[in-house]
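**Q** From Swiss-Prot, here are the annotated features:
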DOMAIN    53-83  domain '4Fe-4S ferredoxin-type 1'
BINDING   CYS63, CYS66, CYS69, CYS113  [4Fe-4S] cluster 1 binding site
BINDING   CYS73, CYS103, CYS106, CYS109  [4Fe-4S] cluster 2 binding site
DOMAIN    94-123  domain '4Fe-4S ferredoxin-type 2'
Amino acid sequence: MTALRDYVKSFLLVELLQGLRLTGKHFLSRSVTLEYPEEKTPKSPRFRGMHALRRYPNGEERCIACKLCEAVCPALAITIEAGPREDDGTRRTTLYEIDMFKCIYCGFCEESCPVDSIVETREHEYHMEHREERVFDKARLLANGDKYEAQIAADRAADAPYR
């Protein structure tokens, strides 16, 4: 009896019609994919993208050269050298570099920073034309921080209840 039923199902193409019905149902529904460069998905305030160093409102850089971000980095992408300041003798960074080819964007550096100096912005569309550009130095990181400070502050404010 089952052999006869299987023969009738295959003769009437029941499985094919069931598959066509399912395909037709999804064919008429709204598209899930986006055309990436033209359409972009919204990003979370916790998105981890390009790194930046922040400044205080008076223009002084926040980094106190504690080297916690360098110590906690699992990819060993951060290099810091510290030295005393000329005016008040406090410790500040003389060299702050992040090798973006090594970075895995884990966010540990951001979490470990006691003064919220190193942050990751929402910017993920950046490129490098030469291999030497992969190392972001202190000047470039500070420039990123100045450029995205409004967005960084808004993201920090939105995320504050969860910290």
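Glycine too: its Cβ is placed from the backbone N, Cα and C atoms.
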**Q** Tell me the Cα distance separating CYS109 ([4Fe-4S] cluster 2 binding site) from CYS63 ([4Fe-4S] cluster 1 binding site), rounded to the nearest angstrom.
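**A** Here the two Cα atoms are 12 Å apart.
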**Q** Using the structure shown, find which entry in CYS63, CYS103 (the binding-site residues) has the sparsest Cβ neighbourhood within 10 Å.
**A** CYS103
**Q** Rounded to a whole angstrom, what is the C-alpha distance between CYS109 ([4Fe-4S] cluster 2 binding site) and CYS69 ([4Fe-4S] cluster 1 binding site)?
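**A** Pair distance, Cα basis, whole Å: 4 Å.
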**Q** Among all chains shown, work out which of the binding-site residues CYS73, CYS109, CYS113 has the most CB atoms within 10 A of its CB.
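**A** Most Cβ neighbours within 10 Å: CYS109.
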**Q** Going by C-alpha distance, which of the binding-site residues CYS66, CYS69, CYS113 is nearest to CYS106 ([4Fe-4S] cluster 2 binding site)?
**A** CYS69
**Q** What's the number of neighbouring CB atoms sitting within 10 A of the CB on CYS69 ([4Fe-4S] cluster 1 binding site)?
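**A** So the Cβ neighbour count for CYS69 ([4Fe-4S] cluster 1 binding site) comes to 23.
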**Q** Are there any residues at least 6 positions away along the chain from CYS66 ([4Fe-4S] cluster 1 binding site) with a Cβ closer than 8 Å to its Cβ? List them or say none.
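**A** Once residues fewer than 6 apart are set aside, CYS66 ([4Fe-4S] cluster 1 binding site) is near PRO114.
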**Q** Give, as a single whole number between 0 and 100, the mean pLDDT over the domain '4Fe-4S ferredoxin-type 1' (53-83).
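**A** Mean pLDDT across the domain '4Fe-4S ferredoxin-type 1' (53-83) comes out at 95.
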**Q** I need the neighbours of the [4Fe-4S] cluster 1 site defined by CYS63, CYS66, CYS69, CYS113. Which other residues of that chain put their C-beta within 8 angstroms of the C-beta centroid, in sequence order?
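**A** Along the chain, the qualifying residues are ILE64, ALA65, LYS67, LEU68, ILE80, CYS109, SER112, PRO114, VAL115, SER117, ILE118.
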**Q** Is CYS109 ([4Fe-4S] cluster 2 binding site) helix, strand or coil when read with DSSP?
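**A** SS state of CYS109 ([4Fe-4S] cluster 2 binding site) = helix.
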